[in-house]
Each structure stands twice: as structure tokens, then as C-alpha cells.
Ligand code: ACK
């Protein structure tokens, strides 16, 4: 119940504006909506009018400039059990999902009020109530939901109107309003002396913007402080989509992660975020071209927005010419054509045209005519026919030489060489410019006979026949047949001559293979002998003989294939052997890579998994373990906390992971592999394995107990509560653990804040060493067709794309952990989906600096996210860098500056905060020395002690100075 009866308080001028204007600020004491014309586009303000109960009084006072202002005051400090409410009228939320309430007020220090008893309070409460009804006159007290208890942040300011001193407190609170059309706000006084001076209610938007030539509309931010609103952009006028333009509107009214964008259409270029037409004399042919370009030589454009320039008269452009190429001309004729006749062949050679027309694609074609003189001495020319050969070719010649063969002997030919280029056709000129030469071929011997056949075989004779040579080059006068016994080779042969195209070779030995060659003779002499043909006097013809196939070659080929097969088989065996020995050598080499440094042994290389576990982990008797409570769920079963008392040692707290019943062999192996891996490590920033229980069920892995659980949840719980030095101290610990792992050649593959554990001294330790599990069971690991399960947001691009997991990809993940730490457990890339994350990273987008992040830290993150893995720092370099920062805390002071919006809310959270203590809950017994140790600065123990910093309390007073 509200304590006082309500009286409606209306502000006449403001009311009218409320109906029509969205951006109205009514400072209730002014009664004028002067702030309607707010210039801050990212903050849209909502109307506030008031319902004033009698217990709150409307009072005029003077502000610092001696200007009278009106306030609502209540000051019932002498009476107990105060419950005085002041309520606003209904405020439409106008699409907002999270609204901010900025309250300016003064509050009297109870001590400054004479004679007050214990009833005096120094806070008031802010409430809200969501409603669709704009005129609720009576709202139950219990319907209001508390936003916060508000106290003055100034040490309680004195309001001294007489001396005109009036310092205001300004507090901002935000609240999610998503369920109804509007809401009411209320202020509850429980016995303080307050004067409310102004209340401003607003919400945030990401202002209309143009990015990558796409327009993104004014967008109201999401309901939660970490939610992003995905917005699709539309291409600006005269532009077309390159890739779907997208951005995210962050909770602070900032646009984040631009993806995709648009190109200006052909004929247009980008100027000042818009697409403007190319001016005369310029052109742009393709949308992907970055800007308009000057028209190339011998071309022009007269109008704006040209996509191509026209050619000057006499100049041309081929279809395949790019718009950026000059206009060109056809070539002039080839020059200096010369011919050299060699019997029935002619070699033609010429020089390129004098004018190539500005191109380099001149080609030549050779026209061949046979010319005959008639009795009347007139010459008739006919095309040469297809049996004439041109080498390399007759058409499309790029060389200036051609050999023409297979011409007729004693014949007159005319050869014409034409020159053309890419614009010869476009120029429309008839025949191409050319140069000609006439030649007469010489007498020539006949070409060889191409085939000999056997018509009849006896024990002592062979009847052979053949065809006339393809090119007799005259009248054949006779044929000459040369033959010899195959075994004799050509040491002794016989010759027979005949006018016909058959010969009966007699007097041969039986069952003997003979080799035959035939040649023809004309007036120009003998031609070349045919290739050898073998026939046997055996009545049973030699298989394949007579078909002109050279059996010797066949034999050779067959044996050749055999040899080849043998060689390849040998090579294969050798290569198999050498690969095997290489593997062996590699592993041997590996062992000697870093003499003295322990190298991690993959437990999956053990044939017997139990052998690995016994090599690396200690078996613990279950009776020495005392399980206390369940602290979480692992992927193999429950995780409990408890105590371990080993003989001769003091009892310690431990975490106990167990393998649930009904497991498969593979699950057992995977579960124990984590212990086999962890057991090989010994470093203060790596979770320590105490031992395993494998002899009785359930199987257990016992590790040191980390009081503060996983780092991501821990940071979210203590949002904004650590100094930069403390955060850097945590990062240093993680880097130190990772350096140790990388020195041991261990690649973690799933480094993320959720896999770091924190103990009571704020010491961070790397955990989660499952092997197959790394990629398959992490709740963050998304399945991708190419690569299986991968925690996309934490993984380097080459590891996502090619499964290239290295220490450098761990460094990338470390950069993401840095970001998680500095942003107090914010989710990397917020609620973007994995596809968009991969696309954005591929396009070069990198996470921005978290709020109040020192520039040097963000730079180190960016270095870890270098696309080229060789460019990323090593863990050793990261560690050195962090040590340097801790030694010179001044370097951590410079932050990236305040963000365009939200600074008003966040003004209390700057990085300049002094070194304050960790929340009590997580450091119950924390000494200065332990604190220094946790941030790697224990060497300064003496210095701190000498300066009087002996306990946590004294640390509170420590500033950067
Ligand atoms: O965030 P948490 O409290 O920290 O919840 C998870 C849960 O078990 C499942 O993994 C917690 N946890 C794992 N190992 C340890 C440990 N050594 N000390 C304390 N808590 C642990 C982890």
C-alpha cells in the first residue's frame, strides 16, 4: 500500500507534447519539455509525469547558479517506520526493451541533522511496475518490483541553500521492460531526507548508419546487457550486394561486427558513403572495380555514369577486350615474305606488319593456290586442296614461319600471308592486309611404299604385293624389293626389281623369317625404302607378321612394361620402407629436439591404456578418500569435493571426478587418458593430479581442489570487482601454464576460460586435458562437416579449416581467454551464431577492446589473433609482456577511451581504480605475500613490507601513485 493518498499532478505543457513526441524529457520541477530536441541520437528519452502523494512535497529551491528549481522532498527522519511513495504516471516504453533511469537527488547525512535518532536512513528504493493500462490510479505496493536501493555516491552532500551550495548525486539504474506496453516507476522513502531534483528515463538505440555501402536503420538495443540485435542492412542507391550486409546492435548502442556489404553498380563509385556517377571522361565497368577510371587511350565518354568508353573513329574494341584496354586498330600487311623451295616443300618466312594497331595478338594465315597458265597464257588459280601440309599450321599462326609440304613436283603455287588481330573483324574491313609470293616446286623422288602384304606362302616362296606410294611425284618407272633372312640382319641381302606392284620371291629356305623393304623409282630417282615387313616361309604364318607390326618392338614393349612394373614395385617397397624408417627417425629426432626438456607422451600411443595410467598416475586407496559433496557434472559423471589423507601427509581438499557405471571400453580409456596426461605435468598453473582409483568402482580421478571453480563463472559472479593488475595477474598465471605445456610439446586445443580453474588465492590453473573429448564433448564445440567438433569462438581459423592445431592455435585461444577475462566472462562474439563468427573472423573482424581494457592488453589480444600463425607471439613472449606490464602498471592506464554511449552508466568503473581487495568470499585468508605471489611479483615482498603494506586492509589504500 502506498502510504499517502494520491493527488494527480499534471503538467499542462508537457502533456500535449507527450502525445506527439517520442523523445520527451519532463524534468518534473520545470514543467516544460525542453529536452525534446535531444541531439544524442543513441539515447531516446521517454516521458515522465508524476503522481505526487501528499507525503512528498513539491518545494522550490535555488540551484548552484541561483536559479530556482522545483524538487520533490521528503524528510521524515524523526519518525520511525516510514514508507513514503512517489510514483510516475504511466510511461509508454515505445519499443524499448531495457530502459535507463537517471535520478538526480540530494540526500542529507543523518549525522548532520541535529537530534535525529536511529530512525534516520540514507537511502531510498527505486521500483517499477509493467502495465498495459495507462491510467492505473491505484497500484498495490506488492505489484512493484524493486530495481535497486539507491544511496548517494558523493559523501553525503550538504544542501545549503543559504550559501547556495548544492551538489547533486546522479545515479543511473537500468531495468528490463519487455512484457507490457509501458510501465510506472516509483520511489520509496523509508525515512531519509531526500530531495529529488530530476528523473530522466531513456533507452538506447544504435543510430541509423551506413557501413560498407549498406544502410542500417535506427535500432533499439536488446533486452539484456549482453544481447545483440542482428540487423540486416540494405544496399544504398545505385549499389548491389557483395555479400549480405549484416551488423549487430550492442547493448550500449554501438554497432558491432559488420559483415558483408555492397558494391557501387557499374558507372558509379563510392564517395562519402554513397554511390556517385562517374563524370564525363571516366567510366566504371564492373561493380567490383573500386572507383571510376579515366577513359583509356583512343576512347571517350560524354555522359555521366558511363560503364564503358566509346572508341574514337577508326579505333575498335574486340568482344574479349576489357573496358580498361585502349581502343586499337587492325594490323597492316606482313612484310618481306620470302620462300625457299626444297623439292616438293616450301619454307615461307616473313616479318611482322609495320603497324600492329596497338595490340599484341597479331595472327597470320597462309592461303595456298595452284596456278596454271592456259594456252591463251591466262593464269587460273585454284585452292591447293587438303593433302598439302602446313607446319605448324595454316591458320591462326603466331609465328612468322611456316613449312608447306606434300606439294606436287614441278608445280606453280601462289602463297598469300594475311595478318589479322582481335579487332580485324570489328573493324568491318573486308579481307585482311596481305603479302604474296609465287613459287614452282622441284622434281622429287616418290614417297615410300606404306604397306606390303603377303598373298601366298609356300615352303620356298612368298608372293608379295603393295600399293603405289601416296606421293609418286611423277611416273613410277619400277619398284625395287630388298630382302634378307631375319637372323642374318642386313649382312647379306638380295634385291629384285619389278614394274608391277607384286613380286614372287622364290628360292627361300623353309621355316625361315625374311625381312622385306620396297621402294619406287621415277625420273627424279629412287624414293626411300618402306619400313621393314617380316614374313615367314612357314605355311603357318607368323602371328602378327603381315600386319606390319614390329614384333621386336612388341617384345620390347612387353618386357618394358614388365620392367616398369618391377621398377615401380621396387620403388613402392622402398618408399614404404623409407616412410617407415622416416617415422622412426622422426620420433627419434623428436626425442632429441630439446635435450633436458621433458616431452609429453600421448597416452593413446600405449597399446595398453592401463600401462599409461600406471606410468603417469598414482593409484590411491579408496579408503583414504572422504567424499563430501557434489560440486558439478563432468561429461563422464559427477564431480565431487572431498578430502584426501595419504599416509604421512596432511589432509588436503580434493576434487573427485568419477566415471559413471555402465561405461564402454572407449569411455574408460578416454576418462583415464585425462589422468595420464595431467600426471605428466608439474607446474603451479596446471591443475595437479593427486592420483586415480582404478582398482575399485567407480573409477576416480583425484585432483587438487580449486575453491573458486571455473574462471568464466567466477568472473561473471564478481563482475567489475577486480583491479586491472589482478586481472593481468590471472592472465599471467594462465600464460605461464601454457608456456609450460607448449615447452612440453602439448597442444591443448580447448583453451577457454571455462577450462581454467581458480583457487582461493586467485591462482588460475589450466585444466581439461581430455584428448578425444576435446573436440567432441565440449558443450561449446560445434560440429562442422569438414572438421568435426570444434569450439569455434576460441579456435584459430587454420585449426577450424585445416585441423592445424599447434601451439600457435593455442595462442589464438589464449587471446580469446584474455578477452573473456578483461570483459568479466562475457561470451566471445556475444550471441552471434558460429557461422557468422567464422565469416567475420575470415573477413578480418576482431573482437573490440572490452570496456576499460588497457590499450596494451587489447593490442596483445590482436597479436594473438594474427591471421598468419607464424606472426603470433609465443607463450614465452606473452609471459614476458605481461610481466613487463605488471612491473609498470602505468602502461595499463591508457584505455581505448570511453565508448560513444554508456559512459554515463559506467563512469564508476574506470580502469584507474586503485588496487582494491578481492571480494572477501574468495580470499578468506589472503596475505600480501600470497597476493604478490599470485601475480608473479613475490620479489617485491620486502618493498611492500618496508612501505607498511602488511595486510589486505592496507592494500585498500594502495593507489597507482
Ligand atoms: O564452474 P565449476 O564450479 O568448476 O563447475 C565445474 C564442475 O566441476 C564440472 O567440471 C568443477 N570442478 C572441476 N574440477 C574442479 C577442481 N579441481 N576444483 C574445483 N572444482 C572443480 C568445475
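Including glycine, each Cβ sits where the backbone N, Cα and C put it.
Note that the structure is a prediction, hence the values are computed from the model and not measured.
Per TrEMBL, these features apply:
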- 30-211: domain 'Eph LBD' (DOMAIN)
- 75-193: disulfide bond (DISULFID)
- 110-120: disulfide bond (DISULFID)
- 330-444: domain 'Fibronectin type-III' (DOMAIN)
- 445-540: domain 'Fibronectin type-III' (DOMAIN)
- 552-574: transmembrane segment (TRANSMEM)
- 625-886: domain 'Protein kinase' (DOMAIN)
- 631, 632, 633, 634, 635, 636, 637, 638, 639, 657: ATP binding site (BINDING)
- 750: active site, proton acceptor (ACT_SITE)
- 927-961: domain 'SAM' (DOMAIN)
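Here the features listed in TrEMBL are painted onto the structure.
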residue: 75; record: disulfide bond; DSSP class: strand
residue: 110; record: disulfide bond; DSSP class: helix
residue: 120; record: disulfide bond; DSSP class: coil
residue: 193; record: disulfide bond; DSSP class: strand
residue: 631; record: ATP binding site; DSSP class: strand
residue: 637; record: ATP binding site; DSSP class: coil
residue: 750; record: active site, proton acceptor; DSSP class: coil
Practice problem: Anything from the recorded positions 110, 193, 631, 639, 750 with its Cβ under 6 A from ligand 1? List those in sequence order. | Solution: 631, 639
Quiz item: Taking 193, 631, 633, 750 as the recorded positions to compare, which has the smallest set of other Cβ atoms within 10 Å?
Solution: 633
Practice problem: Find the shortest Cα-Cα separation between residue 635 (ATP binding site) and the recorded positions 110, 120, 193, 750, and name the residue that gives it. | Solution: 750
Self-check item: Cβ packing number for residue 110 (disulfide bond), 10 Å threshold
Solution: 18
Quiz item: Hey, how far is residue 750 (active site, proton acceptor) from residue 120 (disulfide bond), Cα to Cα, in Å?
Solution: 55
Exercise. For the domain 'SAM' (927-961), would you mind checking the mean pLDDT of the predicted model?
Key: 67
Quiz item: For the ATP site given as 631, 632, 633, 634, 635, 636, 637, 638, 639, 657, which other residues of the same chain have their Cβ within 8 Å of the site's Cβ centre?
Solution: 640, 658
Exercise. May I ask for the distance between residue 110 (disulfide bond) and residue 637 (ATP binding site), taken between their Cα atoms and rounded to an integer number of Å?
Key: 56
Quiz item: Where residue 631 (ATP binding site) and residue 193 (disulfide bond) are concerned, what is their Cα separation in Å, rounded?
Solution: 47
Quiz item: Counting across all protein chains shown, how many other Cβ atoms sit within 10 Å of the Cβ of residue 637 (ATP binding site)?
Solution: 19
Practice problem: Have a look at the disulfide-bonded residues 75, 120, 193 and say which one has the shortest Cα distance to residue 639 (ATP binding site). | Solution: 120
Exercise. Helix, strand, coil: count each for the residues of the domain 'Fibronectin type-III' (330-444), based on DSSP.
Key: 4 helix, 56 strand, 55 coil
Practice problem: Can you figure out which of 75, 120, 193 (the disulfide-bonded residues) comes closest in space to residue 637 (ATP binding site), comparing Cα atoms? | Solution: 120
Quiz prompt | Other CB atoms within 10 A, centred on residue 120 (disulfide bond) | solution = 20
Quiz item: How long is the line from the C-alpha of residue 75 (disulfide bond) to the C-alpha of residue 633 (ATP binding site), rounded to the nearest angstrom?
Solution: 53
